[in-house]
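Taken straight from TrEMBL:
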type	residues	note
TRANSMEM	26-51	transmembrane segment
TRANSMEM	58-79	transmembrane segment
TRANSMEM	91-115	transmembrane segment
TRANSMEM	127-154	transmembrane segment
TRANSMEM	198-223	transmembrane segment
TRANSMEM	306-332	transmembrane segment
TRANSMEM	338-360	transmembrane segment
TRANSMEM	372-392	transmembrane segment
TRANSMEM	447-465	transmembrane segment
TRANSMEM	516-537	transmembrane segment
Amino acid sequence: MYTYSITFSCISPQGSALIYLKGPKFLIYVSGALSMWGDRMWHFAISVFLIELYGRNLLLTAVFGLVVAGSVLLLGALIGDWVDRNPRNRVAHASLFIQNISVTVCSVVLMLVFLYKQRIEAIWDGWLTVVCYTVVIVLADVANLASTALTIAIQRDWIVVITGYNRGHLAGMNATMRRIDQVTNILAPLAVGQVMTLASNVVGCGFILGWNLVSLIVEFFFLSRVYRIVPALSVKPPVEEEERVYQQRIERRMSQGNVTQPQPLTEGACNTSLKEITNLPLCFRRFRWLVSTCKEGWKAYYRQPVFLAGMGLAFLYTTVLGFDCITTGYAYTQGISGSLLSLLMGVSAITGLMGTVMFTRLRKTYGLVNTGIISSCIHLGCLLLCVCSVFAPGSPMDLSLLMPYITSNSSSEGGSNQPLLPDRSSIHWTNNTVLFENVPSGTVPESYISIILLFLGVITARIGLWSFDLTVTQLLQENICESERGVVNGVQSSMNYLMDLLHFIMVISAPQPQHFGILVIISVLFITTGHTMYFLYAHKTLKALYFLCIPNTKSNE
């Protein structure tokens with residue numbers, strides 16, 4: 001060790017920089033940046049393409065969102081189980097290949113549809129168009145599933161191994177990856193949006209196609225190199241045999257008092273059970289295995305010591321208090337221009353980066369669990385401004401809408417309730433947000449106090465939000481055993497998408513600007529519930545540490 005220190009001290013700054021550039025951390029950062037940039041461009045562009053194809057109607061976009069959320073919700077555990085059961089390099093390469101090839105083929109289909117749309121609509125009485133739309137949505141969904149698998153593999157597993165399970169280094173890599181994500185979330189949609197605006201949708205498809213092909217080669221090379229220079233990545237716990245898994249399930253059920261000790265199988269009983277299994281068609285046997293895998297994945301998620309923390313993070317997805325089309329569309333109805341909204345989105349990105357910096361400092365000073373508590377308090381404290389905005393001057397909130405008879409009468413009056421996203425011919429697309437030129441007359445409120453409080457709360461809350469997100473992410477990384485890391489994170493992704501679906505259902509139930517105040521209050525209630533779950537987890541963890549009398553909680557940091 002002493003010799004290594006002397007040798008390292010003799011290395012020049014240029015040599016140290018060269019070693020870092022060839023090291024696994026930098027290669028993971030570059031690979032992650034390329035992947036995130038491509039994902040952000042694609043998610044932004046596919047929404048625009050689907051609206052353009054369907055005559056500026058949101059139907060295809062809504063169907064795409066429903067398919068994506070539903071597929072991850074149903075297949076999240078299976079994706080995680082696949083990540084656990086296969087070698088790390090095979091998982092990363094397969095996910096990367098499927099994701100980029102799916103986007104490439106989908107881009108080719110979109111280019112053909114844009115170029116020959118009228119001819120395609122004339123074939124098969126228009127049914128070829130439906131086939132093309134279906135192919136586009138399916139390919140985009142496959143790409144999203146592959147992206148989910150790649151995220152679980154790299155950001156939930158590879159990073160933990162690369163850092164050598166060092167908590168400080170792990171926190172630094174998590175924060176850096178999140179900063180990269182925040183920057184690409186702003187710049188990538190702007191880049192592809194400029195290409196689509198200055199050129200055409202066909203050129204935009206070609207740009208995304210070329211990016212994915214180049215990104216596939218670079219990411220494949222970088223991930224392969226990381227796998228070679230970090231030997232620990234090639235070591236993975238072997239998959240348990242079916243008999244051992246079955247025995248563990250029996251022992252678990254016995255410990256819970258659900259079943260009695262299984263009796264030895266007689267020859268007749270054994271032949272009967274084998275006959276029942278082999279008589280099942282292959283498709284039914286595979287379906288039975290898939291259902292069993294999903295069931296065991298959800299059980300594994302529930303058994304984790306960080307279950308409440310993960311659930312708390314999932315509850316934060318049921319909210320309208322973010323920079324999506326819902327909140328920005330509401331801001332438009334309140335007289336906020338598109339240019340100002342773009343500026344506010346940039347400020348929110350800066351506060352998000354501040355949250356990642358705060359996370360690293362709080363974790364180093366107070367520990368990981370206490371960092372989550374502090375971040376939760378900051379998040380909730382800032383969101384109180386959003387609650388105040390509901391009752392502040394200028395708020396369109398009308399409590400009489402809670403009464404059905406008054407609601408039906410008031411809705412019949414012309415001009416009282418304007419649509420949240422009115423149909424306009426001039427549409428600008430910025431970071432998954434619909435912004436409109438020229439605020440229409442009649443939408444300017446009497447006071448801007450309400451909308452100022454709303455965005456002040458949303459922007460400042462991102463500091464605590466991203467710090468809390470990083471806290472729970474690292475808790476999942478540290479406390480989940482390596483053999484279940486993939487399936488548990490797959491179920492966590494399913495929970496996130498489930499709660500996100502609830503937030504869209506909530507908006508569909510109350511779509512008018514006058515309802516937005518109710519949505520804000522419900523969102524804060526969901527967020528409060530999520531943080532309460534984390535507080536329960538933190539109380540339980542800190543209490544256990546206190547009774548165990550651990551002398552130094554920072555020994556591993």
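From the backbone N, Cα and C atoms, a Cβ is placed for every residue, glycine too.
When Cβ distances are compared across the two stretches, the transmembrane segment (58-79) makes no contact with the transmembrane segment (306-332), since fewer than 3 pairs at least 6 residues apart fall below 8 angstroms. Between the transmembrane segment (306-332) and the transmembrane segment (338-360), the number of CB pairs under 8 angstroms, six or more residues apart, is three or more, so the stretches are in contact. Contact count against the transmembrane segment (26-51) (Cβ pairs under 8 Å) is highest for 127-154, out of 91-115, 127-154, 516-537.
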